[in-house]
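See structure below.
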Amino acid sequence: MLYQSETLQLHWLENGIAELVFDAPGSVNKLDTKTVANLGEALNVLEKQSELKGLLLRSAKTALIVGADITEFLSLFNAPPEKLHQWLVFANTIFNRLEDLPVPTISAINGYALGGGCECILATDFRIASPEARIGLPETKLGIMPGFGGSVRLPRLLGADSALEIIATGKDVTANDALKIGLVDAVVDPEKLVGSALTMLKQAIDGKLDWQAARRPKLEPLKLNPTEAAMCFTIAKGRVMQVAGKHYPAPLTAVKTIEAAAKFGRTEALNLETNSFVPLAGSNEARALVGIFLNDQYVKAQAKKLSKGVAAPKLAAVLGAGIMGGGIAYQSALKSVPVIMKDINENSLDLGMNEAAKLLNKQLERGKVDGLKMASILATIRPTLDYAGIERAQVIVEAVVENPKVKAAVLAEVEALIGEDTVLASNTSTIPIDQLAKSLKRPENFCGMHFFNPVHQMPLVEIIRGAKTSDKTLAAVVAYATQMGKTPIVVNDCPGFFVNRVLFPYLAGFGMLVRDGGDFHQIDKVMEKQFGWPMGPAYLLDVVGIDTAHHAQAVMAAGFPERMNKDYRDAVDVMFDNQRFGQKNGQGFYRYTQDAKGKPRKENDEQVDKLLAEISQPLQEFSDEDIIARTMIPMINEVVRCLEEGIIASAAEGDMALVYGLGFPPFHGGVFRYLDTLGSANYVEMAQRYAHLGALYHVPAGLRAKAEHNESYYPVAAALLDVSTNQPA
């Protein structure tokens, strides 16, 4: 053994060939600060070996390196900029030393080589992969860019076009695609991977493969003539702005950095990469996007903990077909849980089956399933007009019309037909679970399971715990949601639960703004373009359905009269009274026609301004800041109340529910991350200016206390860098 640390080992293989094996504690290898330092120490040893002829780099695990340790990111980013800069120079010196070894080097890639793992293999002369390998640089998805030479080496290895696509999108590539673009030199069966890498290395040692020619382009300027460069980078910047937009600066920064570095060799190009990385790392967007990644891991770990030892059901049932029931049945069947889909109406069953078939056809068109697989999935959905066989289902999801009497009757009816251990769940969006539980003899077996529409696209499922819901019931439903490929978040019961409870104050803020003379077109534009919502409040209401929103608004007003009851007609009332229900009947705040693909196309409708004049002050222009404040303060206050009341268990779960359930702009990170970015004292001061608008604008006591004590919702990460050495502490 030449060198051994907690994360990697270096030893001789044969005839002057050394092997560097990544083998960290735990299930995967990460390129954390400790591993980077260990790599430097291993190279110290290797550089002294006069008999060294070649180096093979591989993993002892099922993946090479899954990336940097993202749990360290916020700490790294909190270091003073000059210290982060110095540490990146320190880390890059190590990768340069790996690249500059006076012998040929090869990486054997199994599983993932992502982020820092990809940058590590780029520093070797050759790369060979097994078929299941996936290689990529996902940094831009986290609000940063490659920092260990990825933006320098990848374009020089592949050419600018392919490299820009990988770096700007953050998508990884398969082994075969990597072979096509020149990212790897060969793809071999897993059992032959190390042997083939060794053979290739020996060929390089014997002069049959020119390893110096493989290395040289990575050290030199990018080979592009001025016309090619202008064309390539102009197109890339245009595409990035179209897809990422102004709220996500990392992809554009990466493209501009690669462009600026194109005319330089490795040293100057790496300096440019580091100079671009440091400001991105200190940005609010990076903190928010890294926070989302960490929160996602946290909520998935919570789900795993809750459902520990509980298997997903072998058979499920959905009561109520149609679009929603069909969507739930499709998702269940797609993820290998057969499902009974029961309805009282043959047409609804047809609609549900058609919805499932339509979604599977899309999968077929994309090559995700073949005809045989599609048929077998559809065969696991059993449409029925009666309850035959329902007693065999372990989890039954009621998804009938959003009416408490109808839901209660259906739940009581099915409970009489099933065993004492069968779990019942209601897919309701606003009706309190404890209210529905009153109709049941076994309320401990009952909870809420709130799916979001469209079911196949929306990652969140709210699991609602009633006062009598047992842990066993929660575990079964969480296990089912997880098996369905969803992110379940458990919330406590109240009207609207969490997501809808916090959505309606936002929509109420919109309604008050329109009442006071705000132009809904301007409001939508500001909330989309400036704040970053996927759609503004008027457009969202049209998509949700004005009738649905009108009903839910009444439920919320009854549940929280002190804040959500109103003594005036608002824009939703006007739309509802004029039977303008949104996309579902082609007219709401906007008019809808079908485009060539049959999708709704939004158009302005002059009639709407006339209708809204009944309930509005004369139109006036509000500032962007006013529009954002007047719509967002009610939502933010309600989100905070939900945490203070224990409706949600943590800031992390609240933020992920907002991002996954409502499309809250990821670059803000969720309400709690947004509050931490603004500063609680700054927020309270801002909200105070709007307090005259009513109870929705009154800041909860807990948030006021945080502001007084200058506290945040997320812990402030301590800097990880040892300032005396610029190395990991």
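Placement of Cβ uses the backbone N, Cα and C atoms for every residue, glycine included.
Keep in mind that this is a model prediction, so the values were computed, not measured.
DSSP assigns His450 (active site, for 3-hydroxyacyl-CoA dehydrogenase activity) to a strand. The active site, for 3-hydroxyacyl-CoA dehydrogenase activity annotation in Swiss-Prot covers His450 and rests on sequence analysis.
Annotation source Swiss-Prot lists substrate binding site at Asp296, Asn500, Tyr660, citing sequence analysis. Within the same chain, residues at least six positions away from Tyr660 (substrate binding site) with a Cβ under 8 Å of its Cβ are Met458, Pro459, Leu460, Thr487.
Listed in sequence order, Leu319, Gly320, Val406, Lys407, Val410 are the same-chain residues at least 6 apart in sequence whose CB falls under 8 Å from the CB of Val400 (NAD(+) binding site). Sequence annotations record features per position, and here Swiss-Prot assigns NAD(+) binding site to Met324, Asp343, Val400, Val401, Glu402, Lys407, Ser429, Asn453 based on sequence analysis.
If you look up Swiss-Prot, you'll see 1-189 marked as region 'Enoyl-CoA hydratase/isomerase', on the strength of sequence analysis. Confidence annotation: the region 'Enoyl-CoA hydratase/isomerase' (1-189) carries a mean pLDDT of 97 in the model.
Annotation comment: Swiss-Prot describes 311-729 as region '3-hydroxyacyl-CoA dehydrogenase'.
When secondary structure is read from DSSP and collapsed to three states, Glu119 (site 'Important for catalytic activity') falls in the helix class. Look at Swiss-Prot and you will find Glu119 (among others) tagged as site 'Important for catalytic activity'.
Of all the Cβ atoms in the protein chains shown, 29 others lie within 10 Å of the Cβ of Glu139 (site 'Important for catalytic activity'). According to its DSSP assignment, Glu139 (site 'Important for catalytic activity') is helical. The site 'Important for catalytic activity' feature in Swiss-Prot is assigned to Glu139 (among others).
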For Met324 (NAD(+) binding site), the number of neighbouring Cβ atoms whose distance to its own Cβ is within 10 Å equals 23
In all the protein chains shown, the tally of other Cβ atoms within 10 Å of the Cβ of Asp343 (NAD(+) binding site) is 23
Per DSSP (three-state), Lys407 (NAD(+) binding site) is helix
Should one count Cβ atoms within 10 Å of each candidate's Cβ, the recorded positions Glu119, Asp296, Glu402 would be headed by Glu119
For Asn500 (substrate binding site) and Asp343 (NAD(+) binding site), the CA-to-CA distance in whole Å is 26
